[in-house]
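Taken from TrEMBL as is:
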- 17-38: transmembrane segment (TRANSMEM)
- 50-72: transmembrane segment (TRANSMEM)
- 104-128: transmembrane segment (TRANSMEM)
- 140-162: transmembrane segment (TRANSMEM)
- 169-194: transmembrane segment (TRANSMEM)
- 214-238: transmembrane segment (TRANSMEM)
């Protein structure tokens with residue numbers, strides 16, 4: 001598997017996927033910092049400043065990640081459709097399912113790195129402006145982990161979809177729809193947010209407005225954990241079915 005993953009990184013360099021992940025980092029950071037710094041509750045002398053940054057980070061992922069993750073996954077998988085990669089891999093003993101798993105692992109490592117960098121950038125901004133309140137390490141790391149889990153679940157969805165459907169506009173269109181759903185999920189009852197994977201960005205929140213007041217709270221760890229289990233099971237089911245298909 002390690003050799004296959006290394007090969008996927010080589011493909012990503014050729015397809016400029018690393019650049020797309022860098023765009024993901026830049027867009028999420030830009031949107032999030034804009035939303036946080038220009039929030040009326042951003043005041044470095046109060047604890048609410050950390051909460052605005054936590055909200056901003058969540059907003060950045062909610063608005064940008066669904067579409068960009070779809071583009072990244074579609075870009076890498078489409079290379080197999082266009083270049084006969086499925087057949088070439090099969091002749092070397094790599095099943096379509098195994099190739100999908102390698103793609104998810106390779107892309108997942110990049111997305112994980114980008115997510116950690118986004119989190120570090122937001123924390124660095126808070127420390128640089130001299131927020132007086134202590135850094136909320138527990139909620140900060142919890143939000144980072146939850147955002148990563150949701151992003152990986154969506155990435156797995158798009159890898160499977162891109163492998164199944166050759167028209168990559170389908171996956172990108174779903175990603176665009178997902179961005180809208182993710183945004184709407186921040187303003188609907190919690191049970192509705194549970195109905196789609198994009199809604200789990202809203203459930204990852206570590207800060208928000210409660211009765212008109214900005215407050216900090218723990219992300220919905222149990223729900224995010226449930227999403228990760230379901231996503232892993234579905235991804236394993238589909239990739240195993242790919243293994244049994246003739247190329």
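Cβ atoms are placed via backbone N, Cα and C, with glycine included.
Residues 1, 5, 8-9, 12, 17-18, 21-22, 24-25, 28-29, 32-33, 36-37, 49-50, 53-54, 56-57, 60-61, 69, 72-73, 76, 135, 140-141, 143-144, 147-148, 151-152, 155-156, 159, 235 of the same chain, all 6+ positions outside the transmembrane segment (104-128), place their C-beta atoms under 8 angstroms from a C-beta of that stretch. Through the fold, the transmembrane segment (214-238) approaches residues 41, 47-48, 50-52, 54-55, 97, 100, 104, 136, 138-139, 142-143, 146, 149-150, 152-153, 156-157, 159-160, 164, 190, 194, 197, 200, 203-208 of its own chain, all at least 6 residues removed from its boundaries and within a Cβ separation under 8 Å.
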